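These come from Swiss-Prot:
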type	residues	note
BINDING	43-45, 50, 85, 176-181, 230-232, 324, 336-340, 349, 354, 360, 409, 449, 548-551, 565-569	carbohydrate binding site
BINDING	115, 116, 156, 157, 158	AMP binding site
DISULFID	334-353	disulfide bond
DISULFID	377-394	disulfide bond
DISULFID	465-478	disulfide bond
DISULFID	504-521	disulfide bond
REPEAT	462-497	repeat '2-alpha'
(Lines of atoms letter the chains of each structure in order from A and count residues from 1; the text may use other names and numbers.)
(Lines give C-alpha, C1' and ligand atoms only; values in the text may rest on other atoms or scores of the structure.)
Protein backbone atom coordinates (compact mmCIF):
# COMPACT_ATOMS: atom_id res chain seq x y z
CA UNK A 1 0.00 0.00 0.00
CA UNK A 2 1.16 3.52 -0.78
CA UNK A 3 1.19 5.94 2.15
CA UNK A 4 -2.29 7.40 2.38
CA UNK A 5 -4.09 4.19 1.47
CA UNK A 6 -4.71 4.41 -2.31
CA UNK A 7 -4.96 0.85 -3.59
CA UNK A 8 -2.14 0.33 -6.07
CA UNK A 9 0.45 -2.33 -6.60
CA UNK A 10 3.87 -0.85 -5.94
CA UNK A 11 7.33 -2.13 -5.36
CA UNK A 12 9.34 -0.43 -2.70
CA UNK A 13 13.05 -0.27 -3.10
CA UNK A 14 15.38 -0.50 -0.17
CA UNK A 15 17.12 2.81 0.09
CA UNK A 16 20.82 2.88 0.71
CA UNK A 17 22.27 5.51 2.97
CA UNK A 18 23.71 8.33 0.92
CA UNK A 19 25.67 11.36 1.93
CA UNK A 20 23.16 14.18 1.77
CA UNK A 21 24.21 17.63 0.60
CA UNK A 22 20.83 19.24 1.19
CA UNK A 23 19.73 19.17 -2.44
CA UNK A 24 16.06 18.50 -3.05
CA UNK A 25 16.87 17.03 -6.45
CA UNK A 26 19.28 14.32 -5.42
CA UNK A 27 22.76 13.41 -6.58
CA UNK A 28 23.84 10.80 -9.08
CA UNK A 29 27.10 8.92 -9.11
CA UNK A 30 29.05 7.28 -11.87
CA UNK A 31 31.99 4.94 -11.56
CA UNK A 32 34.86 5.63 -13.93
CA UNK A 33 38.41 4.36 -13.53
CA UNK A 34 37.49 3.13 -10.05
CA UNK A 35 36.65 6.65 -8.89
CA UNK A 36 33.23 7.86 -7.79
CA UNK A 37 32.27 11.31 -9.05
CA UNK A 38 29.13 12.93 -7.62
CA UNK A 39 27.20 14.93 -10.18
CA UNK A 40 23.90 16.68 -9.82
CA UNK A 41 21.62 16.30 -12.79
CA UNK A 42 20.78 19.66 -14.42
CA UNK A 43 17.69 21.34 -12.98
CA UNK A 44 15.31 23.61 -14.89
CA UNK A 45 12.66 25.50 -12.93
CA UNK A 46 9.19 26.66 -13.89
CA UNK A 47 6.35 28.09 -11.86
CA UNK A 48 2.73 28.49 -12.87
CA UNK A 49 2.49 31.44 -10.47
CA UNK A 50 2.48 34.49 -12.71
CA UNK A 51 3.43 32.40 -15.75
CA UNK A 52 3.65 34.32 -19.01
CA UNK A 53 4.16 33.35 -22.62
CA UNK A 54 7.77 34.46 -22.35
CA UNK A 55 8.49 32.58 -19.10
CA UNK A 56 7.03 29.40 -20.61
CA UNK A 57 8.97 29.90 -23.85
CA UNK A 58 12.21 30.41 -21.93
CA UNK A 59 11.47 27.29 -19.89
CA UNK A 60 10.89 25.06 -22.91
CA UNK A 61 14.01 26.43 -24.62
CA UNK A 62 16.01 25.65 -21.48
CA UNK A 63 14.64 22.10 -21.41
CA UNK A 64 15.62 21.58 -25.06
CA UNK A 65 19.04 23.02 -24.40
CA UNK A 66 19.65 20.49 -21.65
CA UNK A 67 18.20 17.54 -23.56
CA UNK A 68 20.58 17.74 -26.50
CA UNK A 69 24.19 18.73 -27.01
CA UNK A 70 23.64 19.93 -30.57
CA UNK A 71 26.32 17.56 -31.86
CA UNK A 72 23.86 15.56 -33.98
CA UNK A 73 21.68 17.70 -36.24
CA UNK A 74 19.98 16.26 -39.33
CA UNK A 75 18.00 18.32 -41.80
CA UNK A 76 18.35 21.19 -39.30
CA UNK A 77 16.57 19.21 -36.55
CA UNK A 78 18.58 18.21 -33.44
CA UNK A 79 18.69 14.51 -32.55
CA UNK A 80 18.55 13.40 -28.92
CA UNK A 81 21.47 11.34 -27.57
CA UNK A 82 21.80 7.68 -28.47
CA UNK A 83 21.28 5.66 -25.30
CA UNK A 84 24.04 3.25 -26.36
CA UNK A 85 27.24 4.43 -24.75
CA UNK A 86 25.59 7.33 -22.92
CA UNK A 87 27.16 7.81 -19.45
CA UNK A 88 24.67 7.50 -16.62
CA UNK A 89 25.59 10.95 -15.34
CA UNK A 90 24.24 12.40 -18.61
CA UNK A 91 21.08 10.28 -18.81
CA UNK A 92 18.55 12.56 -17.10
CA UNK A 93 17.56 16.15 -16.50
CA UNK A 94 15.31 17.41 -13.72
CA UNK A 95 12.38 19.80 -14.05
CA UNK A 96 11.26 21.47 -10.84
CA UNK A 97 7.67 22.68 -11.01
CA UNK A 98 5.96 24.94 -8.49
CA UNK A 99 2.58 26.66 -8.33
CA UNK A 100 0.55 29.39 -6.61
CA UNK A 101 0.07 27.17 -3.58
CA UNK A 102 3.87 27.04 -3.22
CA UNK A 103 3.83 23.29 -3.78
CA UNK A 104 6.77 21.82 -5.64
CA UNK A 105 7.50 18.58 -7.46
CA UNK A 106 10.52 17.56 -9.51
CA UNK A 107 10.09 15.54 -12.70
CA UNK A 108 12.89 13.41 -14.14
CA UNK A 109 13.19 13.40 -17.94
CA UNK A 110 15.18 10.86 -19.93
CA UNK A 111 17.41 12.74 -22.38
CA UNK A 112 17.15 9.91 -24.93
CA UNK A 113 13.42 10.51 -25.51
CA UNK A 114 12.51 13.67 -23.53
CA UNK A 115 9.93 11.61 -21.63
CA UNK A 116 9.04 11.66 -17.95
CA UNK A 117 10.32 8.59 -16.07
CA UNK A 118 9.30 9.61 -12.56
CA UNK A 119 9.06 12.42 -10.06
CA UNK A 120 9.85 13.51 -6.54
CA UNK A 121 7.54 15.09 -3.99
CA UNK A 122 9.10 15.83 -0.63
CA UNK A 123 10.94 12.77 0.62
CA UNK A 124 9.22 10.34 -1.75
CA UNK A 125 10.09 9.43 -5.33
CA UNK A 126 7.83 7.61 -7.80
CA UNK A 127 8.81 5.96 -11.06
CA UNK A 128 6.95 4.48 -14.00
CA UNK A 129 7.56 0.77 -14.41
CA UNK A 130 10.67 0.52 -16.62
CA UNK A 131 10.55 -1.34 -19.93
CA UNK A 132 13.81 -3.20 -19.41
CA UNK A 133 16.53 -3.96 -16.90
CA UNK A 134 18.81 -1.24 -18.25
CA UNK A 135 16.19 1.42 -17.56
CA UNK A 136 15.45 -0.13 -14.17
CA UNK A 137 19.09 0.26 -13.22
CA UNK A 138 19.30 3.79 -14.63
CA UNK A 139 16.51 5.20 -12.48
CA UNK A 140 18.30 4.07 -9.32
CA UNK A 141 20.62 7.04 -9.92
CA UNK A 142 17.72 9.48 -9.55
CA UNK A 143 16.64 11.15 -6.30
CA UNK A 144 19.12 9.11 -4.31
CA UNK A 145 18.62 11.09 -1.09
CA UNK A 146 14.88 10.44 -0.67
CA UNK A 147 13.59 8.29 2.18
CA UNK A 148 10.98 6.42 0.12
CA UNK A 149 11.20 5.07 -3.43
CA UNK A 150 8.26 3.52 -5.27
CA UNK A 151 7.85 2.00 -8.71
CA UNK A 152 4.36 1.92 -10.16
CA UNK A 153 3.02 -1.31 -11.64
CA UNK A 154 2.26 0.61 -14.86
CA UNK A 155 4.40 2.26 -17.48
CA UNK A 156 4.18 5.85 -18.66
CA UNK A 157 2.75 5.34 -22.15
CA UNK A 158 -0.39 7.22 -23.13
CA UNK A 159 -2.55 4.14 -23.61
CA UNK A 160 -2.01 3.02 -20.01
CA UNK A 161 -2.31 6.50 -18.53
CA UNK A 162 -5.53 7.17 -20.45
CA UNK A 163 -6.89 3.86 -19.21
CA UNK A 164 -6.07 4.75 -15.60
CA UNK A 165 -7.40 8.30 -16.00
CA UNK A 166 -10.63 7.01 -17.51
CA UNK A 167 -10.31 9.58 -20.26
CA UNK A 168 -8.56 10.16 -23.57
CA UNK A 169 -6.04 12.94 -24.19
CA UNK A 170 -8.44 14.67 -26.56
CA UNK A 171 -10.78 15.20 -23.59
CA UNK A 172 -8.18 16.40 -21.06
CA UNK A 173 -7.71 20.16 -20.87
CA UNK A 174 -4.25 21.71 -21.12
CA UNK A 175 -3.05 25.16 -20.09
CA UNK A 176 -1.53 26.98 -17.16
CA UNK A 177 -4.52 26.24 -14.93
CA UNK A 178 -4.49 22.48 -15.57
CA UNK A 179 -0.71 22.42 -15.03
CA UNK A 180 -1.19 24.27 -11.72
CA UNK A 181 -3.67 21.60 -10.63
CA UNK A 182 -1.46 18.77 -11.86
CA UNK A 183 1.43 19.97 -9.70
CA UNK A 184 -0.81 19.90 -6.63
CA UNK A 185 -2.13 16.44 -7.51
CA UNK A 186 1.38 15.01 -7.91
CA UNK A 187 2.45 16.58 -4.63
CA UNK A 188 -0.51 15.31 -2.62
CA UNK A 189 -0.29 11.78 -3.97
CA UNK A 190 2.45 11.13 -1.42
CA UNK A 191 0.04 11.97 1.41
CA UNK A 192 -2.94 10.07 0.05
CA UNK A 193 -4.75 13.20 -1.08
CA UNK A 194 -4.80 12.23 -4.75
CA UNK A 195 -6.55 9.23 -6.25
CA UNK A 196 -5.00 7.21 -9.04
CA UNK A 197 -7.22 8.52 -11.91
CA UNK A 198 -6.32 12.11 -10.98
CA UNK A 199 -2.64 11.16 -10.78
CA UNK A 200 -2.74 9.62 -14.27
CA UNK A 201 -4.55 12.67 -15.63
CA UNK A 202 -1.90 14.91 -14.06
CA UNK A 203 0.88 12.92 -15.70
CA UNK A 204 -0.83 13.33 -19.08
CA UNK A 205 -0.96 17.10 -18.58
CA UNK A 206 2.68 17.38 -17.49
CA UNK A 207 3.97 15.13 -20.25
CA UNK A 208 2.17 17.08 -22.97
CA UNK A 209 3.04 20.53 -21.64
CA UNK A 210 6.70 19.68 -21.06
CA UNK A 211 7.91 16.62 -22.97
CA UNK A 212 5.73 17.08 -26.06
CA UNK A 213 6.27 20.84 -26.10
CA UNK A 214 10.02 20.21 -25.99
CA UNK A 215 9.73 17.74 -28.88
CA UNK A 216 7.55 19.98 -31.08
CA UNK A 217 7.62 23.74 -31.65
CA UNK A 218 4.07 23.25 -32.90
CA UNK A 219 2.86 21.92 -29.54
CA UNK A 220 4.85 24.56 -27.68
CA UNK A 221 2.99 27.13 -29.78
CA UNK A 222 -0.35 25.58 -28.83
CA UNK A 223 0.56 25.82 -25.14
CA UNK A 224 1.73 29.42 -25.52
CA UNK A 225 -1.67 30.33 -26.93
CA UNK A 226 -3.42 28.81 -23.93
CA UNK A 227 -1.17 30.73 -21.55
CA UNK A 228 -1.52 34.00 -23.47
CA UNK A 229 -5.32 33.94 -23.28
CA UNK A 230 -5.55 32.09 -19.95
CA UNK A 231 -7.41 29.39 -21.84
CA UNK A 232 -8.03 25.77 -20.88
CA UNK A 233 -8.70 23.45 -23.79
CA UNK A 234 -8.05 19.89 -24.88
CA UNK A 235 -5.58 19.21 -27.71
CA UNK A 236 -6.98 19.08 -31.23
CA UNK A 237 -6.27 16.31 -33.79
CA UNK A 238 -3.18 18.09 -35.16
CA UNK A 239 -1.52 17.85 -31.73
CA UNK A 240 -2.60 14.28 -31.00
CA UNK A 241 -1.35 12.94 -34.33
CA UNK A 242 2.00 14.70 -33.93
CA UNK A 243 2.40 13.15 -30.47
CA UNK A 244 1.50 9.71 -31.80
CA UNK A 245 3.81 10.08 -34.80
CA UNK A 246 6.99 11.44 -33.19
CA UNK A 247 8.87 8.15 -33.39
CA UNK A 248 7.78 7.44 -36.96
CA UNK A 249 8.58 10.99 -38.05
CA UNK A 250 12.03 10.73 -36.46
CA UNK A 251 12.65 7.47 -38.30
CA UNK A 252 11.40 8.81 -41.63
CA UNK A 253 13.56 11.93 -41.44
CA UNK A 254 16.72 10.09 -40.39
CA UNK A 255 16.20 7.40 -43.03
CA UNK A 256 15.25 9.86 -45.77
CA UNK A 257 17.28 10.29 -48.92
CA UNK A 258 18.13 13.99 -49.08
CA UNK A 259 14.89 14.80 -47.27
CA UNK A 260 12.54 12.58 -49.30
CA UNK A 261 10.74 9.82 -47.36
CA UNK A 262 10.63 6.21 -48.47
CA UNK A 263 6.91 6.18 -47.61
CA UNK A 264 4.50 8.90 -46.46
CA UNK A 265 3.34 9.57 -42.92
CA UNK A 266 -0.23 10.63 -42.32
CA UNK A 267 -1.01 13.57 -40.04
CA UNK A 268 -4.17 15.52 -39.29
CA UNK A 269 -5.12 19.16 -39.45
CA UNK A 270 -6.83 20.94 -36.59
CA UNK A 271 -10.23 20.23 -38.15
CA UNK A 272 -9.46 16.50 -38.28
CA UNK A 273 -8.86 16.27 -42.03
CA UNK A 274 -5.93 14.05 -42.96
CA UNK A 275 -2.90 14.78 -45.10
CA UNK A 276 0.28 12.91 -45.98
CA UNK A 277 3.84 14.09 -45.44
CA UNK A 278 6.31 12.89 -48.09
CA UNK A 279 9.38 14.93 -47.19
CA UNK A 280 11.07 16.83 -44.38
CA UNK A 281 10.49 20.41 -45.59
CA UNK A 282 7.26 21.22 -43.73
CA UNK A 283 8.53 19.44 -40.61
CA UNK A 284 11.67 21.56 -40.13
CA UNK A 285 9.77 24.34 -38.27
CA UNK A 286 7.41 21.85 -36.57
CA UNK A 287 9.72 19.32 -34.89
CA UNK A 288 12.21 20.63 -32.33
CA UNK A 289 13.86 17.32 -31.39
CA UNK A 290 14.06 13.82 -32.83
CA UNK A 291 14.59 10.56 -31.01
CA UNK A 292 17.76 8.81 -32.17
CA UNK A 293 16.88 6.00 -34.58
CA UNK A 294 20.04 5.25 -36.53
CA UNK A 295 23.48 6.54 -37.37
CA UNK A 296 23.82 8.58 -40.57
CA UNK A 297 25.16 6.53 -43.48
CA UNK A 298 28.72 7.45 -44.51
CA UNK A 299 27.59 8.79 -47.87
CA UNK A 300 24.64 10.81 -46.63
CA UNK A 301 24.51 14.51 -47.42
CA UNK A 302 23.51 16.94 -44.71
CA UNK A 303 22.11 20.42 -44.83
CA UNK A 304 24.51 22.67 -46.76
CA UNK A 305 27.03 19.83 -46.79
CA UNK A 306 27.72 20.04 -43.04
CA UNK A 307 27.99 16.60 -41.50
CA UNK A 308 27.31 16.20 -37.76
CA UNK A 309 30.12 14.74 -35.71
CA UNK A 310 28.65 12.04 -33.47
CA UNK A 311 30.17 8.86 -32.11
CA UNK A 312 28.76 5.67 -33.58
CA UNK A 313 28.64 3.13 -30.78
CA UNK A 314 26.86 0.49 -32.80
CA UNK A 315 26.15 -0.54 -36.35
CA UNK A 316 22.57 0.76 -36.58
CA UNK A 317 23.23 2.76 -39.74
CA UNK A 318 20.22 4.39 -41.39
CA UNK A 319 18.72 2.57 -44.36
CA UNK A 320 19.45 5.32 -46.92
CA UNK A 321 16.57 4.35 -49.24
CA UNK A 322 16.14 5.22 -52.89
CA UNK A 323 12.68 6.80 -53.02
CA UNK A 324 10.78 7.41 -56.24
CA UNK A 325 9.46 10.97 -56.26
CA UNK A 326 8.32 13.82 -58.40
CA UNK A 327 10.44 16.97 -58.33
CA UNK A 328 8.25 20.04 -58.02
CA UNK A 329 9.59 23.48 -58.84
CA UNK A 330 8.64 26.88 -60.20
CA UNK A 331 4.92 27.66 -60.03
CA UNK A 332 4.18 24.13 -58.84
CA UNK A 333 5.26 22.54 -62.13
CA UNK A 334 7.20 19.28 -62.29
CA UNK A 335 10.57 18.20 -63.69
CA UNK A 336 9.65 16.23 -66.82
CA UNK A 337 11.50 14.31 -69.56
CA UNK A 338 10.19 16.08 -72.66
CA UNK A 339 7.50 14.13 -74.51
CA UNK A 340 8.37 11.02 -72.51
CA UNK A 341 11.25 10.26 -74.86
CA UNK A 342 14.36 8.85 -73.23
CA UNK A 343 16.92 9.07 -76.02
CA UNK A 344 20.27 10.50 -74.92
CA UNK A 345 20.29 14.29 -74.98
CA UNK A 346 16.53 14.83 -74.77
CA UNK A 347 15.77 17.97 -72.79
CA UNK A 348 14.34 18.14 -69.29
CA UNK A 349 11.49 20.62 -68.97
CA UNK A 350 8.88 22.11 -66.66
CA UNK A 351 5.45 20.57 -67.13
CA UNK A 352 2.19 20.32 -65.20
CA UNK A 353 2.46 17.58 -62.61
CA UNK A 354 0.70 14.34 -63.45
CA UNK A 355 -1.22 12.08 -61.12
CA UNK A 356 -0.49 8.89 -63.05
CA UNK A 357 2.58 6.65 -63.18
CA UNK A 358 4.15 7.99 -66.38
CA UNK A 359 7.89 7.40 -66.02
CA UNK A 360 8.94 10.78 -67.39
CA UNK A 361 7.96 12.57 -64.15
CA UNK A 362 9.07 9.88 -61.72
CA UNK A 363 12.60 10.23 -60.40
CA UNK A 364 14.60 7.84 -58.24
CA UNK A 365 17.02 9.46 -55.78
CA UNK A 366 19.96 7.08 -55.86
CA UNK A 367 22.57 6.55 -53.16
CA UNK A 368 25.31 7.48 -55.63
CA UNK A 369 23.78 10.99 -55.88
CA UNK A 370 22.33 10.43 -59.32
CA UNK A 371 18.69 11.31 -60.04
CA UNK A 372 17.17 8.82 -62.47
CA UNK A 373 14.04 8.49 -64.57
CA UNK A 374 13.35 5.22 -66.35
CA UNK A 375 16.88 4.13 -65.45
CA UNK A 376 18.56 7.12 -67.09
CA UNK A 377 20.29 10.05 -65.40
CA UNK A 378 19.45 13.70 -64.99
CA UNK A 379 22.55 15.15 -66.65
CA UNK A 380 23.95 18.62 -67.23
CA UNK A 381 25.24 19.23 -70.76
CA UNK A 382 28.31 20.96 -69.36
CA UNK A 383 29.63 23.02 -66.48
CA UNK A 384 28.93 26.57 -67.66
CA UNK A 385 25.96 28.74 -66.64
CA UNK A 386 23.06 28.42 -69.05
CA UNK A 387 23.74 24.94 -70.46
CA UNK A 388 20.66 22.77 -70.66
CA UNK A 389 19.84 19.70 -68.59
CA UNK A 390 19.04 16.44 -70.36
CA UNK A 391 18.33 12.76 -69.87
CA UNK A 392 21.29 10.50 -70.60
CA UNK A 393 22.55 6.97 -70.15
CA UNK A 394 24.21 6.83 -66.73
CA UNK A 395 27.03 4.55 -67.85
CA UNK A 396 28.20 6.64 -70.80
CA UNK A 397 27.60 10.18 -69.52
CA UNK A 398 30.42 12.07 -67.80
CA UNK A 399 30.15 10.97 -64.17
CA UNK A 400 30.38 14.48 -62.70
CA UNK A 401 27.60 15.68 -65.00
CA UNK A 402 25.17 13.17 -63.44
CA UNK A 403 25.86 13.96 -59.78
CA UNK A 404 23.54 16.19 -57.75
CA UNK A 405 23.07 17.22 -54.16
CA UNK A 406 19.69 18.26 -52.78
CA UNK A 407 19.88 20.77 -49.96
CA UNK A 408 17.26 21.26 -47.27
CA UNK A 409 16.61 24.78 -48.58
CA UNK A 410 15.40 23.42 -51.94
CA UNK A 411 18.58 23.88 -53.96
CA UNK A 412 19.62 21.10 -56.36
CA UNK A 413 23.30 21.63 -57.11
CA UNK A 414 25.84 19.99 -59.38
CA UNK A 415 28.97 19.74 -57.18
CA UNK A 416 31.45 19.79 -60.06
CA UNK A 417 30.28 23.14 -61.41
CA UNK A 418 28.61 24.56 -58.26
CA UNK A 419 25.75 25.48 -60.59
CA UNK A 420 22.13 24.82 -59.66
CA UNK A 421 19.10 23.47 -61.45
CA UNK A 422 16.96 26.36 -62.71
CA UNK A 423 13.84 27.21 -64.71
CA UNK A 424 14.38 30.59 -66.35
CA UNK A 425 10.68 30.83 -67.20
CA UNK A 426 7.63 29.71 -65.26
CA UNK A 427 5.80 28.47 -68.34
CA UNK A 428 5.07 24.86 -69.21
CA UNK A 429 7.66 23.53 -71.62
CA UNK A 430 10.52 25.63 -70.26
CA UNK A 431 13.83 23.80 -70.75
CA UNK A 432 15.74 23.42 -67.50
CA UNK A 433 19.29 24.71 -67.26
CA UNK A 434 22.02 25.11 -64.67
CA UNK A 435 22.72 28.62 -63.43
CA UNK A 436 24.82 30.51 -60.90
CA UNK A 437 23.13 30.13 -57.53
CA UNK A 438 21.32 33.27 -56.37
CA UNK A 439 18.65 31.44 -54.34
CA UNK A 440 15.91 32.60 -56.67
CA UNK A 441 12.43 31.09 -56.80
CA UNK A 442 13.38 29.89 -60.28
CA UNK A 443 16.04 27.74 -58.55
CA UNK A 444 13.85 26.20 -55.83
CA UNK A 445 12.77 22.53 -55.92
CA UNK A 446 11.18 19.88 -53.73
CA UNK A 447 11.45 16.09 -54.22
CA UNK A 448 8.06 14.85 -53.02
CA UNK A 449 4.96 12.95 -54.00
CA UNK A 450 2.64 15.70 -52.83
CA UNK A 451 2.54 18.09 -55.75
CA UNK A 452 0.08 20.54 -54.19
CA UNK A 453 1.21 23.59 -52.17
CA UNK A 454 0.81 23.23 -48.42
CA UNK A 455 -1.87 25.61 -47.15
CA UNK A 456 -1.37 27.04 -43.67
CA UNK A 457 -1.79 30.01 -41.39
CA UNK A 458 1.42 31.63 -40.12
CA UNK A 459 1.37 32.76 -36.48
CA UNK A 460 3.84 35.32 -35.21
CA UNK A 461 4.32 37.94 -32.48
CA UNK A 462 1.67 37.99 -29.70
CA UNK A 463 -0.10 35.08 -31.36
CA UNK A 464 -1.17 37.26 -34.29
CA UNK A 465 -1.47 35.91 -37.82
CA UNK A 466 0.34 37.01 -40.97
CA UNK A 467 -2.24 38.61 -43.24
CA UNK A 468 -2.18 39.76 -46.86
CA UNK A 469 -3.77 43.19 -47.32
CA UNK A 470 -3.86 44.08 -51.03
CA UNK A 471 -0.17 44.68 -51.76
CA UNK A 472 0.82 44.93 -48.10
CA UNK A 473 1.34 42.38 -45.35
CA UNK A 474 1.17 42.66 -41.56
CA UNK A 475 -0.13 40.76 -38.53
CA UNK A 476 -3.69 40.81 -37.20
CA UNK A 477 -5.84 38.86 -34.74
CA UNK A 478 -6.15 35.32 -36.02
CA UNK A 479 -9.47 34.21 -37.43
CA UNK A 480 -10.35 31.05 -39.30
CA UNK A 481 -12.90 33.16 -41.20
CA UNK A 482 -10.22 35.37 -42.77
CA UNK A 483 -9.18 33.97 -46.14
CA UNK A 484 -6.41 36.59 -46.31
CA UNK A 485 -4.64 34.75 -43.45
CA UNK A 486 -4.30 31.58 -45.51
CA UNK A 487 -0.95 31.04 -47.24
CA UNK A 488 0.15 28.51 -49.84
CA UNK A 489 3.71 27.27 -49.36
CA UNK A 490 5.05 26.38 -52.80
CA UNK A 491 7.76 23.84 -53.56
CA UNK A 492 9.85 26.60 -55.17
CA UNK A 493 10.19 28.36 -51.79
CA UNK A 494 7.62 31.07 -52.47
CA UNK A 495 4.91 31.99 -49.95
CA UNK A 496 1.70 32.98 -51.72
CA UNK A 497 -1.67 34.33 -50.54
CA UNK A 498 -4.18 31.53 -50.91
CA UNK A 499 -6.62 34.06 -52.37
CA UNK A 500 -4.27 34.91 -55.25
CA UNK A 501 -1.53 32.39 -55.95
CA UNK A 502 -0.09 34.54 -58.74
CA UNK A 503 1.31 36.86 -56.07
CA UNK A 504 4.22 36.23 -53.70
CA UNK A 505 5.54 37.46 -50.39
CA UNK A 506 8.34 39.68 -51.70
CA UNK A 507 11.32 41.70 -50.60
CA UNK A 508 12.27 43.93 -53.53
CA UNK A 509 15.61 44.78 -51.92
CA UNK A 510 18.20 42.76 -50.03
CA UNK A 511 19.04 45.35 -47.40
CA UNK A 512 17.94 45.45 -43.76
CA UNK A 513 14.62 47.09 -42.91
CA UNK A 514 13.25 46.58 -46.41
CA UNK A 515 9.45 46.44 -46.13
CA UNK A 516 8.06 43.10 -47.31
CA UNK A 517 5.13 43.33 -49.75
CA UNK A 518 2.83 41.21 -51.88
CA UNK A 519 3.91 41.42 -55.53
CA UNK A 520 3.59 39.37 -58.70
CA UNK A 521 5.43 36.04 -58.65
CA UNK A 522 6.49 36.65 -62.25
CA UNK A 523 10.12 37.61 -61.52
CA UNK A 524 10.68 34.42 -59.47
CA UNK A 525 13.40 36.43 -57.76
CA UNK A 526 15.69 35.92 -54.80
CA UNK A 527 13.46 38.28 -52.83
CA UNK A 528 10.57 35.84 -53.20
CA UNK A 529 12.24 32.68 -51.91
CA UNK A 530 11.98 31.79 -48.23
CA UNK A 531 12.81 28.96 -45.88
CA UNK A 532 11.11 28.08 -42.60
CA UNK A 533 13.97 27.39 -40.19
CA UNK A 534 14.08 25.11 -37.16
CA UNK A 535 14.67 28.13 -34.90
CA UNK A 536 11.26 29.55 -35.87
CA UNK A 537 12.50 32.22 -38.26
CA UNK A 538 11.56 32.64 -41.91
CA UNK A 539 14.80 33.20 -43.81
CA UNK A 540 15.35 34.97 -47.10
CA UNK A 541 18.08 32.72 -48.45
CA UNK A 542 19.85 35.27 -50.62
CA UNK A 543 20.10 38.16 -48.17
CA UNK A 544 20.47 36.05 -45.03
CA UNK A 545 17.86 38.29 -43.36
CA UNK A 546 14.65 37.12 -41.69
CA UNK A 547 11.03 38.26 -41.48
CA UNK A 548 10.62 40.72 -38.61
CA UNK A 549 7.67 42.64 -37.14
CA UNK A 550 9.07 46.16 -37.19
CA UNK A 551 9.96 47.39 -33.69
CA UNK A 552 7.82 44.57 -32.23
CA UNK A 553 4.85 46.89 -32.85
CA UNK A 554 1.96 45.36 -34.83
CA UNK A 555 0.25 48.77 -35.03
CA UNK A 556 2.95 49.92 -37.47
CA UNK A 557 1.57 47.33 -39.89
CA UNK A 558 4.95 46.54 -41.38
CA UNK A 559 6.88 43.31 -41.83
CA UNK A 560 10.52 43.95 -42.69
CA UNK A 561 13.76 42.14 -43.40
CA UNK A 562 16.18 42.27 -40.49
CA UNK A 563 19.30 40.50 -39.23
CA UNK A 564 18.63 37.50 -37.03
CA UNK A 565 18.44 38.16 -33.29
CA UNK A 566 15.83 35.57 -32.30
CA UNK A 567 13.46 37.85 -30.38
CA UNK A 568 9.72 37.03 -30.45
CA UNK A 569 9.09 39.47 -33.32
CA UNK A 570 11.12 37.15 -35.59
CA UNK A 571 9.51 33.86 -34.57
CA UNK A 572 6.82 32.34 -36.80
CA UNK A 573 4.92 29.07 -36.75
CA UNK A 574 2.90 27.44 -39.53
CA UNK A 575 -0.34 26.03 -38.12
CA UNK A 576 -2.37 23.38 -39.88
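Here the Cβ of each residue, glycine as well, is placed from N, Cα and C on the backbone.
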Inter-residue Cα distance where the pair is residue 115 (AMP binding site) and residue 504 (disulfide bond), in Å: 41
Do any residues of this chain, six or more beyond the ends of the repeat '2-alpha' (462-497), have a C-beta under 8 angstroms from a C-beta of it, and if so which? 53, 224-225, 228-229, 282, 328-332, 409-410, 441-442, 444-446, 448, 451, 453-456, 503-505, 516-519, 521, 524, 528-532, 538, 541, 549, 554, 556-559, 568, 572, 574
Spatial neighbours of residue 336 (carbohydrate binding site) among the recorded positions 116, 157, 158, 521 [C-alpha, 10 Å]: none
From binding-site residues 116, 158, 566, the one whose Cα lies nearest residue 478 (disulfide bond): 566
Rounded Cα-Cα span from residue 465 (disulfide bond) to residue 566 (carbohydrate binding site), Å: 18
When DSSP states are grouped into helix, strand and coil, how many residues of the repeat '2-alpha' (462-497) land in each? 5 helix, 16 strand, 15 coil
Which chain neighbours of the AMP site, leaving out 115, 116, 156, 157, 158, have a Cβ atom within 8 Å of the mean position of the site's Cβ atoms? 128, 155, 161, 203, 207, 211
Close in space, distant in sequence - residue 548 (carbohydrate binding site), Cβ under 8 Å, 6 or more apart: 559, 560, 561, 562, 569, 570
